[in-house]
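Swiss-Prot annotations:
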type	residues	note
ACT_SITE	145	active site, charge relay system
ACT_SITE	200	active site, charge relay system
ACT_SITE	475	active site, charge relay system
DOMAIN	35-113	domain 'Inhibitor I9'
DOMAIN	117-536	domain 'Peptidase S8'
DOMAIN	354-396	domain 'PA'
CARBOHYD	176	N-linked glycosylation site
CARBOHYD	215	N-linked glycosylation site
CARBOHYD	223	N-linked glycosylation site
CARBOHYD	368	N-linked glycosylation site
CARBOHYD	413	N-linked glycosylation site
CARBOHYD	467	N-linked glycosylation site
CARBOHYD	559	N-linked glycosylation site
CARBOHYD	603	N-linked glycosylation site
CARBOHYD	613	N-linked glycosylation site
SIGNAL	1-25	signal peptide
């Protein structure tokens, strides 16, 4: 046996040496090439301009090679101009100097930010919920993710008519992939095919716009009806992510296609590890072009809480994750009869049989076979169990205890939603006077469709396959907001992205701090918890267009050169807007620590989308024991007609800001029917430094 092991080891070593030699040779041949995104701005207006030919010509000039096979990765030629290619560092520099090239930046890997929730938000199924089904059927949600499972009942085309006439997309899902009148589009950028082999994309797509599917559960847990926010709408899947991550060039390709395809809302449950300057962020660049074409991009805040969110552009709606009134709990029964309650999703029924209880640091002493059988049996204990945990720890040292884990169960309570600990927080690390995240939505223990090609635990030891599963993340919160954005669009097809964003933010449920530190305040939940029903009739909205965002960027000291990096066209700063004076639905200002007293003003303009001859009176509510003084001028707005605009100024003053806690208030405009609420946040530099790339 020992000789056999030695022979096997030698054979493996030989194979490894050969493999490494091939890798070394391949690396030498590549000459340290990596994928760069070459951004060339807006498409030229000349009718005879051929983007791909231009891109190939640029590469041929730089590389001296005639064939671009293995060089050109993608051409962006529908909604903006550019390409991605494999270049050396010296080639990158030469490309950057060529005429027509706006910027060149390396492709980065982005990560995925990985049902009763709709009922919890008030968007219930049936006659009690107002719907515009004819328009909903013409609404298209574009999902940027790991693809989709086309056979899922959540995406069945049964009962749907042909795709909307505005749809210009295609179904290129790969082998054995078929679209239908529900799932009307599929594109793959990963060379894996659009079929979802990770599960993430199927889950998010069904949360946003999946069909109504009754009697769904995860092994009986969370049993009920699974559905999206706009079940009668259409879905287009753009696979930009694989198991290796989500590449910049894929994301930009998806924006290029989705804008041209005719989607109404883009849902992107993904992001980087840290916030990037706007001109270096493919999501910010793509979303800017989408905004200019009337398409709202909704992005997850990230799962790095309490660290800052990676989604920081004001033209993107940034979503934090919160709990609902349903909790899934698991009980551990110790050998002495004591019961510990924890939060996890455990589908196993051990039928009362007890197994050895292993403390974390002792796992290395177990053999592989014993760990294999118990690899999926674990849970996170609640803080209330602290004393029992300490007692159990001492028991583990002295004895060899056993325990059994009971199957999880769903319990309902009426506690307020709380922001999940994993949800990334503010402040905004790029534009410090723009409050992020914007809104909070359910993202904990969400039941939705799943890919049958991967286990629910995503581990190789798990052989289970399910059509629906329960998971958590800001990735799950993001499609809830995407669904609500599409829902609003069905009632107001003519609204700009900023109007939809404003409606969602100003009608949100107020949330209370869950703790006494900064990460428990508006930096956690933004404007509050989303309220879909109120959002379709907000009364007033804060409007923003492309020119407003350009003025905002000018206020961040962007010049004509750097502006072109984002807008994709020659733009000059004819006027600057202080970032805090961007006509944003929330108001935020970072102040110097050196000032003991301060006064800061915010200028805003609202548009009446309610009724004519309405009078709105202002009310200010001071939060968290803050000692702010807030003055609104004028304090009354009289709107004679729909679409009328009126401006006002908010002056905030105070003394000695708490360096560890933001001071905040709420401004509410009310006409007796509508309550248009905007959070006001002032803070100093309490946070630790964050690296910005």
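Yeah, the Cβs are placed from backbone N, Cα and C, and that goes for glycine too.
Least packed by the Cβ count within 10 Å, out of the recorded positions 176, 475, is 176. Sorted by the number of other CB atoms within 10 A, the glycosylation sites 223, 413, 467 start with 413, the lowest.
Each of the glycosylation sites 603, 613 was scored by the number of other CB atoms within 10 A of its CB, and the lowest score belongs to 613. Mean pLDDT, taken over the domain 'PA' (354-396), works out to 49 on the 0 to 100 scale. For residue 145 (active site, charge relay system), the same-chain residues 6+ apart in sequence whose C-beta sits under 8 angstroms from its C-beta are 112, 196, 200, 201, 204, 205, 237, 238, 239, 240, 241, 267, 268, 269, 270. When Cβ neighbours within 10 Å are tallied across all protein chains shown, the highest count among the recorded positions 200, 215, 559 belongs to 200. For the recorded site, residue 467 (N-linked glycosylation site), the DSSP three-state label reads coil. According to DSSP, residue 176 (N-linked glycosylation site) sits in a coil region rather than a helix or strand.
According to DSSP, residue 223 (N-linked glycosylation site) sits within a strand segment. When the CA atoms are compared, the recorded positions lying within 10 A of residue 215 (N-linked glycosylation site) are 223, out of the candidates 223, 413, 467, 475, 603.
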